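Asks: Pulled these features from Swiss-Prot for this protein:
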DISULFID  CYS247-CYS249  disulfide bond
DISULFID  CYS280-CYS283  disulfide bond
Amino acid sequence: MADSLVRATAANGSIALVAVLTTESTKEARRRHSLSYLTTIMLSRAMSAGLLLASSMKVKQGRVTIKIQSDGPLQGLNVDAGRDGTVRGYVGNPSLELDLIKTSQGNHYFDFKKATGKGYLHVTRDIGKGEPFTSTVEIEGGGIGEDIASYLLHSEQVQSAVFVGEIIEDQEFICSGALIAQILPSAVENKTLINLLDEECKKITGFSQHLLASKDNLPSLFSHLFPNLNPKIIKTMDNNQSISFKCRCSRDRSISALKLLGKEELIEIMNEDKKSELTCNFCNEIYNVNEQELKTIIGEF
């Protein structure tokens, strides 16, 4: 199934639910950046979380940036997600791999906190005009889900549950995605409802398996996870929104960035290398500028 995002309400409209499937976007990010299993999972989770946060923005041009700055071997992470369903991202050390840890039940997991180390999660909301607004929280578990929930609680004072997950079989990514459940502003004082949501979330185990079961029918994920909350799909034009890995870079933008180096440095590049190669961090696309193009750019100063 193609990547998509769906919205619903629950508990008579008092709880907002959003789910996103990012399997194909994850595969595209992995291909472009030559990601390891560990970094594929971490970037996938961050892209999914970014799309969930962006889905609540009021303007269609709104975008959310998730950035991890820390002292661990991951060497940082950066995701840019839009209300329009586009997402892109990269990690500082794409080849990083850590040994899997085996539980007493025979399951395996990565130590995400070992990958991130100590540091901060920055979330920036940009509505396309005025100054973007950034909030910062300390990294907790490093697995993205709990860190985003911490951000929502401490920076936006929103009681939320965030689930992220993926399924890997025979070295292939079968599915990836995330879900968020939030108490709506009209019910934030309803302690009974808050406790009910908390209890329902505690019952959820193996989110990734639920995601796998719903990957061909994403709306069914809500009823699988919250049968007691009577979830109802929101029927609007942009529900069941298409999601894709899409970068906003272009050759023109790359040329504009090159001009920022200044005339003298561009002359030095032309004399020494006869060309310039620009690589987009977000999508790894390479833009080559030849000697004649460099001369033209220099002539514009």
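In case you wondered, yes, glycine gets a Cβ from its N, Cα and C as well.
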Asks: Roughly how many angstrom lie between the C-alpha atoms of CYS280 (disulfide bond) and CYS249 (disulfide bond)?
Replies: 7
Asks: Rounded to an integer, what is the Cα-Cα distance in Å between CYS283 (disulfide bond) and CYS247 (disulfide bond)?
Replies: 6
Asks: Given a separation of at least six residues and a C-beta threshold under 8 Å, show me what packs close to CYS247 (disulfide bond) in the same chain.
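Replies: Set apart from CYS247 (disulfide bond) by at least 6 residues yet with Cβ under 8 Å, we have ARG88, CYS280, PHE282, CYS283, GLU285.
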